[in-house]
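Participant: My structure is below; once you've seen it, I'll send some questions.
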Amino acid sequence: MITSAGNYVFISFASLKPTCEASTLDKTQLENPCYLLENCPQNQTKYYFFSLYQEENFICPDYVNAPYQLQTLQAIGSGTGAIVGGLLADKYGRKWITYIGCVVMITSGLVGGFSSSKNVLALAMLGMGSSYGMLIDASMTLASETVGPKYRLIQMLAFQWSLALQISSVIAYFTGEWRRYLITINTLAIPLLLLLLSWVESPRWLIQRRRYKESCEAINKINKWNGCNVTFTPNDLIGIKTQSEENKSKTFFVHHLVSTVKLAKYSIVLFLSALTVELCIAVFLFDVQVLNGNPFINIGLYGLLRVWVPFFIIILERTPFFGRRSLFLGSQSFSIICYSIVFMLTYFTMPKYIISLPTIKTIFALVGGIINSSIFFTIYKQYTMELYPTLLRAIAVGTFGLVERIGGGLGPQLIILNNIIGKGSAIGITIIIMTLSLITGYFFLPETKDKNMDDFCGLEEGISLEGPDNLLSSCKER
């Protein structure tokens, strides 16, 4: 997670613009970092981080917008990697797609750190983005499929970026330069290549591909690691119903997400939910207030403000009153309320000595955005894991991962509507999408807490079969 988060926020540090204390410069050009670096005396140039702009003959003076174009390339790669990684993970298995994603991520990051030109860095950014989509979505699916219902949500919480963002900020502060930052953040993940080799393939996926011997080896290895003496043989697994009985090499694609009425309903909810995850933060960053102050503290603070989320979710999950459905509806409702307050305050004016409306708007936007991108994100991802059958699960995670990236790119574009329709239009549309997610979730989403995941399409409700969840739970949860 440290390398994934570090590469993701790389441009946030690498695009930091220096400032000039000289008063003789053309004030209309001060936002142009290339102009500033060329004309500001060196002893009056101040900067937090040695950025891409300061690298001699790299992007200045002709490519002042290059950092934003590099960020776009990374986003395109991330969306592409998510959908391709999902397809490959359902076809060839979760473990090796995760491993390939990790190798490509580290390699791309190191290539970027040693890049000799902006074109090489652009290729590295594309690789960092695509590998991020593959690695995160495939490993998230694998993590969920190697435990029983009781610990599934805990596995998902491991993908929170709370600590990773703080560590990335510390590394950026101490390295102080974009090349050293990229090399350091990606070198940290090299030991992970050895650790990932010991990770077992998903027993659920192996069973659905009717590779019973390998599945037994995986389950028995998990049991041994957990101190469980129960051992399974291939004969214990043959009776489990599989999706691929007629053709064990059958391949599923994106259109299978809406192949039944039930799956179509789930897909509508999760499509709308995926849009809101990055859209909320994008609208906040571009429409309410770009945070001022030390950039290392700002990014680290965003991670720090989310540290409480895993503990909060675990506590609620252990109570009989809260499940996936209540957390989904509750967190989305809370975010809608926060953003609605921001929307209404947009049309109010008040003297600053009474109350600072921009500050109040920022607080509500920040709280609503954090709840949506942490609690709601976790539960939405959990639903994606639990509602789709095994051979369609990684495709679902990848597809909705792509939708998340679309939402992040849509946010800045919605700001244009503020000038066409009127102020508050962007956040108003965001609230509408969030509300649609809430309404469809209320009508279509079932409660899945402590329930087994589906392994194949068409399971009639009310029928319970001995399956991988029962095998993975055989020691501790029965």
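Just so it is clear, glycine is given a Cβ too, placed from its N, Cα and C backbone atoms.
Here the structure is a predicted model, which means the values were calculated and not measured.
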Participant: Which range, 7-26, 387-406, does TrEMBL list as transmembrane segment?
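Facilitator: In TrEMBL, the transmembrane segment feature sits at 387-406.
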Participant: Verify whether three or more Cβ pairs under 8 angstroms connect the transmembrane segment (154-175) with the transmembrane segment (387-406), leaving out any pair fewer than 6 apart in sequence.
Facilitator: no
Participant: Excluding the flanking five residues on each side, which residues at least 6 beyond the ends of the transmembrane segment (154-175) place their CB within less than 8 Å of a CB in that stretch?
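Facilitator: Residues 1-2, 4-6, 9, 13, 49, 136, 140, 143-144, 146-147, 181, 184-185, 296-297, 299-300, 302-304, 306-307, 309-310, 313-314, 374, 378, 381-382, 385 contact the transmembrane segment (154-175) from elsewhere in the chain.
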Participant: Under 8 angstroms, Cβ to Cβ: which one of 96-114, 120-142, 181-200, 296-316, 328-350 has the largest number of such pairs with the transmembrane segment (426-445)?
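Facilitator: The stretch with the most close Cβ contacts to the transmembrane segment (426-445) is 328-350.
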Participant: Which bits of the chain, at least 6 residues beyond where the transmembrane segment (181-200) starts or stops, bring a Cβ under 8 A of a Cβ in it?
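Facilitator: Residues 2-3, 6-7, 10, 13-14, 95, 98-99, 102-103, 105-106, 109-110, 112-114, 142, 146, 168, 171-172, 175, 217-218, 221-222.
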Participant: Could you name the stretch, out of 96-114, 120-142, 296-316, with the greatest number of CB pairs under 8 A to the transmembrane segment (362-380)?
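Facilitator: That would be 296-316.
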